[in-house]
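Working notes for the structure below.
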Amino acid sequence: MKITIIGTGYVGLVTGACFAELGNEVFCIDIDARKIELLNNGGLPVYEPGLKALIARNLQAGRIRFSTDLAASVAHGAVQFIAVGTPPDEDGSADLNHVLAAARAIGRYMSRYTLVVNKSTAPVGTAQRVRQSIAAELAARGNDAPFAVVSNPEFLKEGAAIEDFMRPDRIVLGCASGPEGQRARAIMQRLYAPFNRNHDRMLYMDVRSAEFTKYAANAMLATRISFMNELANLADCVGADIEAVRRGIGADPRIGYDFLYAGCGYGGSCFPKDTSALIRTARQYDQPLRILHAVNAVNAAQKEVLAKKMTARLGMDLSGLRFAIWGLAFKPNTDDMREAPSRVLIAELLARGARVTAYDPAAMRAAERAFALDLKHAPDARARLDFAENQMQAVLGADALVIVTEWQAFKSPDFQQLRDGLKTPLIFDGRNLYEPAAMRELGIEYHTIGRTSAGYDESRDTA
Ligand SMILES: NC(=O)c1ccc[n+]([C@@H]2O[C@H](COP(=O)([O-])OP(=O)(O)OC[C@H]3O[C@@H](n4cnc5c(N)ncnc54)[C@H](O)[C@@H]3O)[C@@H](O)[C@H]2O)c1
């Protein structure tokens, strides 16, 4: 099939590359000329495992191309995917300017039946607004080419995006009933047929329910994390080990083990903005989502938990101390720094006078850009932040190691080397990577999220 992808970011790139891999002819368009030039020169604007090779292979086979030419992109695809960003507006709602600009571009240039697929995460009612924007452009040209708009939200995870796209749990498709919807559904069925060979993963529903499903999924996942984080903080107080508790509750199939890890808060481009957008939608209908307000508040506080543990141990004034930070990206296997907990932590440590040496296996350049922005008005603080070439170099002579992102390479380091490298054998672990008992044996003082009491001395209770 001939497919156009409007918006060549994480989602658009992965969608385009995966459809091309299956033999489709894919035209990726973006308004960012630098991004398109980079892609055409074999570069990649984002870090995503496996994506570079996938794109190179399909570029060479002539199944994918990158351009800024809107008219040509609309002329190419019988199916037009919208995969542009939907960043938060000032009031927390989703900013639909990019989605509607893409819709207008389609309406401006289309001349035959076109199926428009919204893949961007956008509030209930967006497909209808897309439809109106396209219709207005067509009417202005006196063109009556038929079209349909469907919702096909994306559930891929950065860091595992290709696997998620190629082997999805489900493919949600929201389309209208009636002949127009049937036609759209048949096209989408054909396009997604290669993903459904083992069993049918398509979930058909009305457009509004599909739009809502994406927000509901992210809201649920964010809720599980904040719930566990709040319990972890309590576990620290009562002398329970949150890891044991996670296994204890995860064994219940109604709960399950996934997405129950306590940590130093979630970040990324999706959970924070999507929970805020859903809260905003709810407010419009006077149906406040009290749980989500709490989820967001807990997460904001959790991003400060590491700094709080550090000041409780080392004092409020951290000047004269230098900390090694392992992990900057909001999660492993990505270089995405959007809303990353490391940004809150590092800003706080620098504000308290500390020096910071940071290392991340993929996000160093993205981090430099992010901190240049965050610390624009604090040149003195910026001067106390530097980046190491590898994880052990970051640790050399540091007063403590702080772990913020759970990259594989941090999970089994050479602990002797680590302890010898640190000025003080002190670790604050925001991702609970190590066994507290093993750290004790190594003579490392180890602070965790909800595991500090693992191996709790019960004599404290009876004394
Ligand atoms: N990143 C994820 O993990 C993820 C997962 C599922 C869903 N989503 C959703 O998918 C959408 C895209 O997210 P992303 O992370 O890929 O964003 P992104 O910021 O990485 O990419 C968006 C791209 O759209 C381009 N763009 C903006 N306006 C355009 C226009 N009018 N025409 C052509 N291109 C335009 C931008 O230049 C940018 O390259 C968002 O709604 C997001 O919530 C993201």
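Every residue gets a Cβ built from N, Cα and C, even glycine.
Under 8 Å, Cβ to Cβ, and six or more positions away along its own chain, CYS270 (active site, nucleophile) finds THR121, ASN218. If you look up TrEMBL, you'll see CYS270 marked as active site, nucleophile.
Look at TrEMBL and you will find ASP30, LYS35, THR86, THR121, GLU158, LYS273, ARG338 tagged as NAD(+) binding site. In three-state terms derived from DSSP, LYS35 (NAD(+) binding site) belongs to a helical segment.
With a 10 A radius on its CB, GLU158 (NAD(+) binding site) counts 25 other CB atoms from all the protein chains. TrEMBL lists PHE155, LEU156, LYS157, GLU158, LYS214, PHE259, LEU260, TYR261, ALA262, GLY263, GLY267, LYS331 with the feature substrate binding site.
Marked as domain 'UDP-glucose/GDP-mannose dehydrogenase C-terminal' by TrEMBL: 324-436. For the domain 'UDP-glucose/GDP-mannose dehydrogenase C-terminal' (324-436), the number of residues in each DSSP class (helix H, G, I; strand E, B; coil) is 43 helix, 19 strand, 51 coil.
Cβ-based neighbour count (10 Å, all protein chains) for ALA262 (substrate binding site) stands at 27. Secondary structure at LYS214 (substrate binding site), as computed by DSSP, is helix. In sequence order, THR121, PRO153, GLU154, PHE155, VAL172, ASP274 are the residues near LYS214 (substrate binding site), counting only same-chain partners six or more apart with C-beta under 8 A. In this structure, ASP30 are the binding-site residues from ASP30, LEU260, ALA262, GLY267, LYS273 whose C-beta falls under 6 Å of some atom of ligand 1. Secondary structure at LYS273 (NAD(+) binding site), taken from DSSP and collapsed to helix, strand or coil, is helix. Between the two most distant C-alpha atoms of the annotated NAD(+) binders (ASP30, LYS35, THR86, THR121, GLU158, LYS273, ARG338) there are 24 Å.
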